[in-house]
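As annotated by Swiss-Prot, domain 'TGS' applies to 1-63, with the evidence given as sequence analysis. According to Swiss-Prot, the region 'Catalytic' annotation covers 242-533. What Swiss-Prot lists as Zn(2+) binding site is Cys334, His385, His510.
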Amino acid sequence: MNDITVTLPDGSELSVPADATVEDVAYEIGPGLGRDTIAGVVDGELVDATTSVYNDARVVIVTEQSDEYQRVLRHSAAHVFAQALQREYPDAKLTIGPPTDDGFYYDIASVDLDENDLETIETEMEAIIDADIPITQQYQSREEAFSKYENNPYKCDILETEAADEDPVSFYIQDDFEDLCQGPHVDSTGEIGAITLLNISSAYWRGDEDNDTLTRVYGAAFESESELESFLERRKKAKERDHRKIGQELDLFSIPDITGPGLPLYHPDGKKILNELSSFARSLNLEAGYEPVETPHLFRTELWKQSGHYENYVDDMFLLDVSDEEYGLKPMNCPGHATIFDQHSWSYRDLPVRYFEDGKVYRKEQRGELSGLSRVWSFTIDDGHLFCQPEQIEQEVTHVMDAIYSVLDTFGLEAHVALATRPEKSVGGDEIWENAETQLRSVLESQNIDYDLEPGDGAFYGPKIDFAFEDALGRQWDGPTVQLDFNMPDRFELTYTGEDNTDHQPVMIHRALYGSYERFFMVLIEHFNGKFPLWLAPDQVRILPISDDQLGYAHRIKNELSDFRVSIEDRAWTLGRKIRAAQEERVPYMIIIGDDEVSTETISVRDRKEREKQDVDLSTFHSHLKSEYENKRLEPDFIDMN
């Protein structure tokens, strides 16, 4: 049997027999690593340590020290849950139970559970873990598998789809429990240090609302009790910062049933924040040489066929029949921008050409996947597309990265960066891919940006740089992407005249500074816990007259601060109640005025940190507001600086 070459994470290569397992590869590297091997990652896929490698591949060995080990442990925790469930509810039908970032979920049918049942199941899970039951992989024939699941249509569905080419079929066994599964898993249940069941929700089989409704149970799993306790504390804080809760408290947005799922309504205060975000993005775009464009909400499907979206994305599109002609609400803005570029003749001297648009798009996500502002049907992208020569990629991506980091700095956000390179199936020649990836690496390294390399994770039409925002609680959220595109210019036959006086195809670069306004708004609500910086706050200053006697002075102050969003609290409340209301609404500044302030024509300033300064000259405070706003400082700092 011929040898194959496996490439290790450090780039070194190892020659092994063509049927070598992941564990064999580990022992070739060293006996200590071989003994510690839990699983492996082969060409990006997490697999069992006993999985054979038959072709040249990239191989990563997974041990208890690896990041991937957590997914293995949590997958095993899902099996412990399923075993405990079947002991308590033998008639329950198991479907799928994948790992998540903090634990797992398991979808089940034919059983009614409520939150009170979780404690009983959790107690049984702990008994299974304490028993330290070995977890082993076994293979069974397809006939045996179908016979085993003759009363479980969900497992039969898996056998007919994901496992259609498997014979024999992989199962994992632990004592009296077995499950159709590819793994990998830990060696025994005792390796799972700490678990808890979190909550129950509903889900559709396959995420399709036309299928059966299932019961979904979420759980958390960690190596130690201390890690679990830390997670539960973070989870508690996250619930307090939930953007849906704060959005309702501050009257920022709503998603009522009558409007339809995933279709948010922005209330006046929410729209004020979005306007500020849009204005900031617009200023960065204009400064970087982008020109504003606008495209309609729908196009004839001929455009989507030319762009390739109709072929690959039609199930996620909203289609309309208009006078016997088919139209589609746009799921993306890029075909419209490519069409604008195509309306002109371009020379190499004109490039790069840069467009930007706050473009509303529509994507038909499954209803079960919709969640607040993070997953919606209708959302707006601060979309930018630029068209350049291949040799201009590095300079243009550098400018985009500068703008993205300006956004991060402005909002006090951290980001994790990843470079995703050419996948197995791609369009475009070797030379243009190698040139593009080299230029992207050069940008990242010249700016000293730490990044993860994700081989093969690029889009089929070009490599990309992905950003994940990290908020105040250390959680990561999908952020901007800088995506090179060799496909759309080809589909639209976009050209420019080169120095050699012949036609050349430009490279298209997709980029957004926020990602989408909806998701970024969600991140900001939770990151700031509703305590927005002055420049974003919908109500920037609240004037609190002690009595109606000061209302005239209050209106004079409001007029002098007319370049800010100022309100007057004129309800017949005590001063204490007025202050509490402003605090609850996270207003950055309060101006308190009584008879003394009226007589001296001064103000008392209180910030939301409950600090106060008296005898303040209004013009001094006004000047400070301008400075704090223009510099987009994150916290109200008048008291600190005066």
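The backbone N, Cα and C atoms fix where each Cβ goes, glycine too.
His510 (Zn(2+) binding site) has a Cβ environment of 24 other Cβ atoms inside 10 Å. Counting Cβ atoms from all protein chains shown, His385 (Zn(2+) binding site) has 27 others lying within 10 Å of its own Cβ. Using DSSP to sort the residues of the domain 'TGS' (1-63) gives these counts of helix, strand and coil: 14 helix, 26 strand, 23 coil.
Per-residue confidence over the region 'Catalytic' (242-533) averages out at a pLDDT of 92.
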